[in-house]
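Q: I'd like to ask you about the structure that follows.
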Amino acid sequence: MATIVPSVSWPGACWTLLVCCLLTPGAQEQEFLLRVEPQNPVFPAGGSLLVNCSTDCPSSKQIILETSLSKELVDNGTGWAAFQLSDVTGNSRILCSGYCNGSQITGFSDITVYSLPERVELAPLPSWQPVGQNLTLHCQVEGGSPRTSLTVVLLRREEELSRQPAVGEPAEVTATVPTSRKDHGAHFSCRTELDMKPQGLGVFRNTSAPRQLRTFALPVTPPRLLAPRFLEVEKSWQVNCILDGLFPASEARVYLALGDQMLNATVMNHGDMLTATATATARADQEGAREIVCVVILGGQRLEAREKLTVFSFLGPILNLSEPSAPEGSTVTVSCMAGARVQVTLDGVPAAAPGQPAQLHLNATESDDGRSFLCSATLEVDGEFLYRNSSVQLRVLYGPKIDRATCPQHLKWKDKTRHVLQCQARGNPYPQLRCLKEGSNREVPVGIPFFVNVTHNGTYQCQASSSRGKYTLVVVMDIEAPNSHSVPVVLAVLVTLGVVTVVVALIYVFREHKRSGRYHVREESTSLPLTSTQPTEAMGEEPSRAE
């Protein structure tokens, strides 16, 4: 009986198949055979193989191995010999032969060698593939055997697109597939499959390096460019470039330029829409007719939009006062000027010609304080008129004054009432107004309600003062106190009422005593003596007399 112990180390090492043959003692056969082990082996190309030739014939002394392969005797003995085959690169048949009892005996084995392809490569894909157009894949395979068992598979990610046998050396396999937006970013590859399952092995696969596909789609319309018609020198304006229907918008490149000046654009995308925004600032050397350009590049193709733009210089209007703060009575010159080709108008009076200044002279008075002067400038640019205005305010310095119309010089108020001293001062700078009572320097508030009493009666000096002088106005306050003889009158009324009350009481007592027939008046009494101011006849009774 023979026992085969395989020892395999691959790739990068030789395969060694160790065969140990153990002959069963005492076996007797009428006919002796020469065995070759391993029988019909299959192993990778370039490997090594240990071959054992053996027989049960006891008279066999020498066994040899016949092959075109490189061989080396490893060991031998009665009825057997072991040989090492190296660098086995192709299919071959080996033959073992010897002699038994004077007759030649032989045995053979067919060696099958397999090899994986040396190169499996997918041809480079287009840099960009238009959506909707067919894509042709090319795969090239060098080496690999046996070719009858070698298949080439083209893949999109893990999806099998084509399966074809490897034919020719090198084998070239192609497949055409449609592309869509879903293929953007997809990896394509080529894989070989060496099917050695019929030989008791498995399927050996070898895959090329993947290649990534980028697909794109462009709209048929150009970008929409939003830019001004006019741009003033040293002024900035926002420029927008918008393009919809772009795929993939995130991978598009956008360039915005003012003439030969590249603009720093900020690009944003939402879905298939792309928006580029930049700030354009014109230089003095760009004055004149220019173009704003927007270029969108994707998939090696470009879409662009252009808009005409006029760069202009508009200096002014510059409005000046000879004295922004002029003393009252001084002469003030107001002048307005602007750049070349600019027509200026000062307070409705135009300059003699474009580019010429306009002037106005006046003698500053109090009424001119706070007066505004307006200068308008007009510039024609490319058939359109541009307007610009400027204003300035004159400040006239004059001394303080108190308006007599709003500050009555004689005030007649009642005591213990609330009033407001309505006095107003004017001047530039604005003056401080104080009203002080003559002789006491008592101050009353101005423009604020206060409680009036008789102590406010008198003459007041109302003075407005500023850095440009003083102005004084005399105000008399006449505080009407309660009437001086009103108190005696009240007292007289009260006394009269008291006397009447006492008289009525005495009459009542007198009548009561008369009814009783007597009455007494003590001399020491402090009461008033009873007297009658009327004749007794008028009372309808006779006079009484004391007892």
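Placement of Cβ uses the backbone N, Cα and C atoms for every residue, glycine included.
Got these off TrEMBL a minute ago, pasting:
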- 38-114: domain 'Immunoglobulin' (DOMAIN)
- 164-184: region 'Disordered' (REGION)
- 321-397: domain 'Immunoglobulin' (DOMAIN)
- 408-477: domain 'Immunoglobulin' (DOMAIN)
- 489-510: transmembrane segment (TRANSMEM)
- 520-547: region 'Disordered' (REGION)
- 526-537: compositional bias 'Low complexity' (COMPBIAS)
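Looking at the shown structure, what environment does each listed feature sit in?
A: In terms of DSSP secondary structure, the domain 'Immunoglobulin' (38-114) contains 0 helix, 54 strand, 23 coil.
Beyond the region 'Disordered' (164-184), the same-chain residues lying 6 or more positions past its ends with a Cβ under 8 Å from any Cβ of the stretch are 117, 119, 129-144, 147, 150-152, 154, 156, 190, 192, 213-217, 247-248.
Taken together, the residues of the domain 'Immunoglobulin' (321-397) have an average pLDDT of 92.
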